[in-house]
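Asks: Relevant sequence annotations retrieved from TrEMBL are reproduced here:
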type	residues	note
COMPBIAS	519-546	compositional bias 'Basic and acidic residues'
DOMAIN	11-105	domain 'Ig-like'
DOMAIN	110-214	domain 'Ig-like'
DOMAIN	220-300	domain 'Ig-like'
DOMAIN	380-461	domain 'Ig-like'
REGION	513-546	region 'Disordered'
TRANSMEM	486-508	transmembrane segment
Amino acid sequence: KCGFTVVGQYGETLEIPCNNGAIKAEDVLITKWKYDKGEGLPGDLLVRQKNQNISISATDEYKGRVSMAANSSLLLSAAKLTDQRTFTCMVVGGADITEYPVNVVIYKTPAGLEISDKVEELEIGRLTKLGTCIAEDANPAANITWLKNNIPLVADGKGISIQTSVVVDPATGLSTTSSILEYTAEREDTDAEFTCRTHHTMGGQIMSTSETFTITYSTENIVLHVIAQDPLIEGDNVTLKCVADGNPAPTSFNFHLKGELVKVENTDTYTITNVSRDTTGEYKCSLIDNPTLEASEDITVNYLDINLSPSGKIVKRAGETLDLNLLIDASGESKDDVKLDKLPEFTKLTYSHSGRYVCKVMMGLLSREASFELVVEGAPVIRQLSKQHGEKGQYKVLICEAEGSPKPVVSWSINGTSLDESPFINGKITHKITVVPTANLTVSCTVTNDFGIDTRTINVSSRKSLMAQCYLLFTDQPEDSDQTKLVVGVVVGLLIATVIIGLAYWLYMKKSKQGSWKTGEKENGSSEEEKKLEEKVEENSQKAEV
């Protein structure tokens, strides 16, 4: 009968089945195992008769390695590649003799997978042996695949070359596979991870540890970086950094500083300290071993200068004009960014124009200030001299308002009380005194400073009788409108009183003439009384006119 195949692992115990239950165990009289020694010669291993112990007849390489399981399977320990042959189970059941041949195959996975003989660095554009991947002691021989960043590499005869060889150990029969990778590196291979792996017949895979290689290449491009704060202004420092794309990177450079050549070694930077507007210009760096390979950058030192004319302390006379002129000097194209409010105009100076003026000019983050102090001077002028009545008309407050600079000195022609002087602001000052006049007065206020003098007068009346004061208040309405109302009331009252007295007199005379005749004496007496009454009426009328 045709047999079937059993696969075993190298070095492990292999169980080779017999008849797979085709004959019941109680019907089996004899079970015997033998193997093919080659050239058609059989070799006996062991035999078991029914109800008897196993008899081992194996010699040579199988002695001590074989036994029989309860189900009649052959147990073969420490499987080797030489065990790859046909083993036959012969079963005697009654008058029948049946044989069950089994083919044995032994597999072994590689003992390990590693990359050896590794190159130190890879040069761009040059086919270089990267390393050798070795899979030792395998059966069948391992197939090796190279990978870059987990992507399989395929030999193309140009940039990738893979050479594989297999060596068989004559003692064990195990195979060792070696795979050599030759690779042409590219700049993108920097930090790339290279590995190798193998898939075994028994399933699963083995992966080597990853390896990275230094990729060397000459410089093709350089860049000049300007390291400085923004904006770069006078007094700052600026650092020039030359960056080359070669690997290993160059460590020495030439810096071209506006016509001056400076060589630096073991560094790629050069610092310019305390820059000024004269530092502005084009700067370059180049390789020492290849001066034609260079990079350049423009450096602009920002500055902002302003000149205000006139400045400092400016003294002018009231009424004069003041012309201001502001000159601005700024760096390069930044002039378009200058921001300035409109300059003040002084076509006719007044005392209120006095003060400190500050001009602030801005250009981006830069700002400058210029200032001047304006002093407007002039002779003092009294703008207003007025009076106010105090409580119940018992006193008067005289007020003198004047302008001038320097601060005017105020004096009065009379002495008063409760002197009050306002703060001197914008060339203005107000001076007050309180007076209690005992007679009509003409009071003068005088203001003086270094540039001149001014005087004004005002009439001040004393406190008189009621009628005189009423008359005064009536004729001087602007002084106090409430006093005017009082005068009108008094006059109206006197007129009414005069009318009542006249009416009473007329009624009296009429009654006397109609009642009886009177003697001449009585009539003369009546005439005297009439005269007295008329004089009284006339007196009251005069008071009313007053």
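In case you wondered, yes, glycine gets a Cβ from its N, Cα and C as well.
How buried are the listed features, and what sits near them?
Replies: Break the domain 'Ig-like' (110-214) down by DSSP state and the numbers are 3 helix, 58 strand, 44 coil.
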Asks: Please compute the mean pLDDT of the model over the domain 'Ig-like' (11-105).
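Replies: Mean pLDDT, the domain 'Ig-like' (11-105): 88.
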Asks: Provide the three-state DSSP residue tally for the domain 'Ig-like' (380-461): helix first, then strand, then coil.
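Replies: Residue counts in helix, strand and coil order: 3 helix, 56 strand, 23 coil.
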